[in-house]
Amino acid sequence: MATDYYAVLGVRRDASQDEIKKAFRRLARELHPDVNPDPKTQERFKEINAAYEVLSDPQKKQVYDLGGDPLSQNGGGGAGGFGQGGFGNFSDIMDAFFGTASQRGPRSRTRRGQDAMIRLDIELDEAAFGTTKDIQVDTAVVCNTCNGEGAAPGTSAQTCDMCRGRGEVSQVTRSFLGQVMTSRPCPQCQGFATVVPTPCPECAGDGRVPSRRTLTVKIPAGVDNGTRIQLAGEGEVGPGGGPGGDLYVEIHELPHSVFQRRGDDLHCTVTIPMTGPRPSAPRCLETLDGMEEIDIRPGTQSGQSVPLHGRGITHLRGGGGRDLIVHVEVTTPGKLDAEQEHLLRELAKLRGEERPTGQFQPGQQGLFSRLKDAFNGRS
């Protein structure tokens, strides 16, 4: 009767990969030969390693769940045809016919790791002038217990006895071309040519463990929302101690209380009371990099803008800074008393905008009428 690998690890048949890995790690720590030298315990340790080798590999697990034993010598065999054990596609047929399939060779256990990405929030002034930030990232790193090899301390990977280190097995298959010899990856070693009889208890044979690291990232001036900064080799370390992938830091610019960014231009609004200092008086505006004097000329209307050239965001790829656009908003009093209304009428007369009754033309309003409408909330 076939071994019940689920029972060996003490997990349900619908257990997730995470549950299987946790169960193996727990048992491996209890039954490891360095901890418990009892010969019976060592046999039990071999059983949990075999169970984990099958259940942690999707292909082997599928074969096992269908009633096969992927660790047996004949477990990976198959009948002819185009299904399992036969030809997967036309290139397999041509490889078999011309004898090229056996030239594939074993796969390397050392592979490049996956890329990773995190989001980093920065302030507007940091985006404008650049900065340096320390970030924390959670990625896979090389297991220090096995140095990325995946084997328990004191053990090592062994040559696969099924394929004898070739990484592939051959079989005779019948097709419309007749009987041909075809090769495919060894089901026992998955094409690696070696097997790990005793996986590392710390990383469960993966050669990697999760870790939190602190990295320093330099943010150049001019970055915008969505800009990705690449840190080569700082992503996930590869299986078998392979080189790490890249880490991408995606910039997210936080809203500013005063300035709004549109491309590389900055925009802000300056409020000027109608009854305040004369419009031509210079005013000081606090920008991202200090105080700036702006000159609002006489006659400037609400809604007009004053550009400050070169006071925007420096372009990411170099060059001068763009503009800071100052939008002027002229405010009027919310309510007029009798004296204020009289003064406005006098001003309208001086400007020649108050006309006698009967001379008013549709579509034309004097200064007093326009201001009064504004004060009363009418447009």
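All positions are counted from 1 along the displayed chain.
Yeah, the Cβs are placed from backbone N, Cα and C, and that goes for glycine too.
Between the stretches 61-89, 351-379, Swiss-Prot puts its region 'Disordered' entry on 351-379. Every protein chain considered, the tally of other Cβ atoms within 10 Å of the Cβ of CYS186 (Zn(2+) 2 binding site) stands at 23. Close to CYS160 (Zn(2+) 2 binding site) in the fold, though at least 6 residues off in sequence, lie GLY167, CYS186, GLN188, CYS189, PHE192, ALA193, THR194, VAL195, each with a CB less than 8 Å from its CB. Helix, strand and coil residue tallies for the zinc finger (130-212), in that order: 0 helix, 39 strand, 44 coil [DSSP].
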